[in-house]
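The structure appears below as structure tokens.
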Amino acid sequence: MSSSVEAEASAAAPLGSNNTRRFVDSALSACNGMIPTTEFHCWLADRLGENSFETNRIPFDRLSKWKFDASTENLVHADGRFFTVEGLQVETNYGAAPSWHQPIINQAEVGILGILVKEIDGVLHCLMSAKMEPGNVNVLQLSPTVQATRSNYTQAHRGSVPPYVDYFLGRGRGRVLVDVLQSEQGSWFYRKRNRNMVVEVQEEVPVLPDFCWLTLGQVLALLRQDNIVNMDTRTVLSCIPFHDSATGPELAASEEPFRQAVARSLSHGIDSSSISEAVGWFEEAKARYRLRATRVPLSRVDKWYRTDTEIAHQDGKYFAVIAVSVSATNREVASWTQPMIEPREQGEIALLVKRIGGVLHGLVHARVEAGYKWTAEIAPTVQCSVANYQSTPSNDWPPFLDDVLTADPETVRYESILSEEGGRFYQAQNRYRIIEVHEDFAARPPSDFRWMTLGQLGELLRSTHFLNIQARSLVASLHSLWALGR
């Protein structure tokens with residue numbers, strides 16, 4: 001990525017208390033959207049019925065404009081655009097495996113994930129999209145206003161321009177409230193990044209049939225349901241500042257104590273000294289680990305094999321690379337084929353939380369993944385595929401996995417099955433949970449772990465390459481717990 005894009009993505013003007021208050025007020029408003037929350041599912045079903053969608057797995061030789069390169073066996077597009085599936089050789093001193101090979105998606109382009117907001121009847125509303133993606137288990141999910149790679153919005157596919165993208169290109173169509181580069185899955189993407197943006201407009205915006213205005217409270221309420229709010233919406237939500245030094249959610253004293261603890265967490269520990277300590281912990285954790293990730297031809301990837309229909313690991317674990325054909329009546333291109341990554345099983349992603357002095361803290365983890373640009377990012381307490389450890393003694397499991405798997409259901413404060421990026425991953429789902437533990441749990445956690453407040457995580461999200469995509473999804477989920485709506 002060019003330095004000019006990096007600079008532009010960090011150029012959004014600092015938000016004052018008034019803007020923070022407007023974000024908070026919208027998050028606390030779940031009952032006065034342009035579409036009532038009770039009618040949202042009818043609207044989504046209507047959009048599904050008004051369009052035609054189909055995704056089918058196909059053999060590799062039925063891919064159109066994709067081929068295995070003769071010299072490298074990398075899976076590439078004929079135009080040299082979009083992305084490639086290539087090999088990665090990994091060496092690290094993190095975790096149980098010192099080295100391995102794997103396929104990985106290399107998509108060098110920086111995409112745009114943007115939500116357009118407008119004040120309607122005094123409350124900020126978000127223009128959201130019912131977007132079909134080939135990997136979605138339920139076809140349509142709630143997407144940002146714009147969710148597009150550079151190849152998409154420069155029309156490399158020779159299709160139409162994504163609606164509303166002009167609001168997010170250049171400066172002048174609206175006021176930029178959020179603009180920060182964030183990563184995607186480091187296990188499946190090689191150094192993939194997107195601009196997470198929120199742009200406010202004053203003008204009237206024509207609402208196309210697959211779009212609707214919702215308050216932040218409505219979107220956060222929908223996040224408590226399975227497979228409704230897509231990954232790209234979740235990451236943008238996580239980057240919205242719901243606090244500053246003077247402003248945050250103000251809840252009545254009669255509110256449920258856990259909700260109060262979450263709200264307090266937004267404004268606790270965000271002074272410069274506390275943030276410096278958190279950054280110092282993370283930098284020290286990164287310095288402990290070495291990561292050497294070398295791009296190699298797919299033909300040199302050890303322990304993986306290719307059939308007519310997939311590229312898979314010899315042990316049947318991890319994931320496979322497959323091919324699909326897609327048709328959709330409401331996308332920029334009516335039909336296409338593409339490779340996708342298909343995980344072998346549903347993942348388990350959990351954040352352990354506890355109240356310290358009435359303030360909620362989450363146990364986060366400095367985690368190394370092969371595709372990260374800067375070695376490690378801050379992850380949830382647990383992030384894994386449990387099936388990969390079924391034959392492993394429990395004392396060799398990832399830290400705190402047993403606590404997550406044996407948690408009392410009454411301590412689970414949030415639980416949803418959420419989908420990962422449906423444009424590249426085929427039916428990739430994870431169970432996301434927020435689990436409360438007692439106050440003396442892990443008082444001195446392992447050095448790669450740290451208790452942090454929601455406010456501290458929010459401060460780090462003002463910059464790039466701190467929180468990974470899974471942690472950002474859980475930050476958005478935490479916001480849904482204080483923003484119960486009114």
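Quick reminder: no glycine exception, Cβ is built from N, Cα and C everywhere.
Cβ neighbours within 10 Å of E421 (dTDP-4-dehydro-6-deoxy-alpha-D-glucose 1 binding site), excluding its own Cβ and spanning all shown chains: 23. Under the three-state DSSP scheme, E421 (dTDP-4-dehydro-6-deoxy-alpha-D-glucose 1 binding site) falls in the coil class. Summarising the annotation, Swiss-Prot assigns dTDP-4-dehydro-6-deoxy-alpha-D-glucose 1 binding site to W66, T149, R150, S151, N152, Y153, E421, G422, G423, R424 and lists similarity to another entry as the type of evidence.
Residues annotated as dTDP-4-dehydro-6-deoxy-alpha-D-glucose 2 binding site in Swiss-Prot, with similarity to another entry given as evidence: S187, W304, R367, Q383, C384, S385, N388, Y389. Long-range Cβ proximity for N388 (dTDP-4-dehydro-6-deoxy-alpha-D-glucose 2 binding site), meaning a same-chain Cβ under 8 A and a gap of 6 or more residues, is found for K317, Y318. In the three-state DSSP scheme, N388 (dTDP-4-dehydro-6-deoxy-alpha-D-glucose 2 binding site) is classed as helix.
When the binding-site residues R150, R367 are scored by other C-beta atoms within 10 Å, R367 scores highest. Under the three-state DSSP scheme, S187 (dTDP-4-dehydro-6-deoxy-alpha-D-glucose 2 binding site) falls in the coil class. Applying an 8 A CB threshold to same-chain residues 6+ apart, the list for S187 (dTDP-4-dehydro-6-deoxy-alpha-D-glucose 2 binding site) reads E369, A370, G371. For C384 (dTDP-4-dehydro-6-deoxy-alpha-D-glucose 2 binding site), the Cβ neighbour count at a 10 Å cut-off comes to 16, with all displayed protein chains included. Among the residues S187, W304, R367, Q383, C384, S385, N388, Y389 said to bind dTDP-4-dehydro-6-deoxy-alpha-D-glucose 2, no two Cα atoms are farther apart than 25 Å.
In the three-state DSSP scheme, W66 (dTDP-4-dehydro-6-deoxy-alpha-D-glucose 1 binding site) falls into the strand class. Between the binding-site residues N152, Q383, N152 has the most other Cβ atoms inside 10 Å of its own Cβ, all protein chains included. Around the Cβ of G423 (dTDP-4-dehydro-6-deoxy-alpha-D-glucose 1 binding site), a 10 Å sphere holds 22 further Cβ atoms from the protein chains shown.
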